[in-house]
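Data first, discussion second: the structure below is written as structure tokens.
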């Protein structure tokens, strides 16, 4: 844009002719370069028609478009003086403007638009397919977690009718953990492009324990405590199944999520969240109401105490794992669980033998052992742990946790037809409260920020709708006026 300069004594009120031309190749100027124009600003008077053309041609669009707009004083002065070689919108928005002075024919513009729309639709279709695939796998994982957890619980209840040995059942099922790393290696060979030998993969996964790998000291200091916690968690859970029904056991074990939060808040100094404190309170209230549902009988109180202790051991296992070992990859987690199986075989085997000879857990002959139930329970528990540890590779972690909650109604339906459970009002309310607390614990840490953003967007949309309606009503006369004026950009 060029400005015809007048002498300092030029009378005010006299219009000046303004010639516009674009100079995109010229580099931006500083304020010191346009000081003569700044001194003449007070003598410049622009015709009203030119003002309107400026308003409708570039200024309004450039000021309103873009994330930041023209905010600095230098940019505004450069615009007032008519220097359009300086284009801040080109750097901020980084988009191509459609040339207004020489619009191309429709045949030249259509292919680009079609190509862009095709790419966008193809990208959206790819994203939707990926999301649908992840949701599909999530549904499959939820069903697998629910069925394996509920099936193992019911099968354990059925096993105790013929084989009253919860610790022996725990020991037998934990031995199957040895299969974790071999199964992982089979999956690695089938999926990975760079196949490694068993020894190479083992050494790479052993780096999880430190630079020296899995030494005897590391085995007893970092693996053995978790083996004890694993055995206690499963034994207390199975022993509780002997005392109370499977519905109460499964719903009370859901409280381990609340215990994990409380221990993480205290030990790991995790972020404080009010909604999770409410969930922990709901879990504790549900435990009390579940105890009250059977009238505080000693049999049910012991069973509930065993389940709560099992949930506490599970929470302690998870928090200590994060504190001492951190996060593990799939191969490292598989190796760690296999090591727990080795620890169980080497150091826990003596306990079932002692219980057998002391007749605490005694069976007359090995032919009376229901091997089908024992193997079925072990396979279901192994499947549950595999899906729970490795299902995150194909779906969202929240969906996997939903499978544990869904096992509660499944157990309730089975108990309704196979046992004499009474679903009174107190028990139903306790189940609902604990389930609600579990669902609240599944909320992400930034859920409040997302909720505020969602509400803000809804408010903005409601405000924009009447504004758009008013703009549509007033667009008729304005468009006519613009058509009546000569095009300033030409």
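Every residue gets a Cβ built from N, Cα and C, even glycine.
TrEMBL assigns the feature transmembrane segment to one of the listed ranges (394-414, 457-477), namely 394-414.
Residues 169, 238, 241, 246, 249-250, 373, 376-377, 380-381, 383-384, 387-388, 391, 394-396, 399-400, 402-404, 406-407, 410-411, 414 of the same chain sit 6 or more residues outside the transmembrane segment (135-156) yet have a Cβ under 8 Å from a Cβ within it.
Two recorded stretches are said to be in contact when at least 3 C-beta pairs lie under 8 angstroms, sequence spacing 6 or more; the transmembrane segment (275-293) and the transmembrane segment (420-443) meet this definition. Tertiary neighbourhood of the transmembrane segment (168-187): same-chain residues 156, 159, 198, 201-202, 205, 230-231, 234-235, 238, 330-331, 333-335, 337-338, 340-342, 344-345, 348-349, 351-352, 355-356, 361, 374, 377-379, 381-382, 385-386, 390, selected by CB-CB distance under 8 Å and a gap of 6+ residues from either end. Non-local neighbours of the transmembrane segment (250-268) in the same chain are 149-150, 153, 237, 276, 279-280, 282-284, 286-287, 290, 304, 307-308, 310-312, 314-316, 318-319, 322-323, 401, 404-405, 407-408, 411, 430-431, 434-435, 437-438, 441-442; each lies 6+ residues outside the stretch with a CB under 8 Å from one of its CB atoms. Counting C-beta pairs under 8 angstroms (sequence separation of 6 or more), the transmembrane segment (394-414) reaches the transmembrane segment (420-443) with 3 or more such pairs. Contact count against the transmembrane segment (333-357) (Cβ pairs under 8 Å) is highest for 208-230, out of 208-230, 299-321, 420-443.
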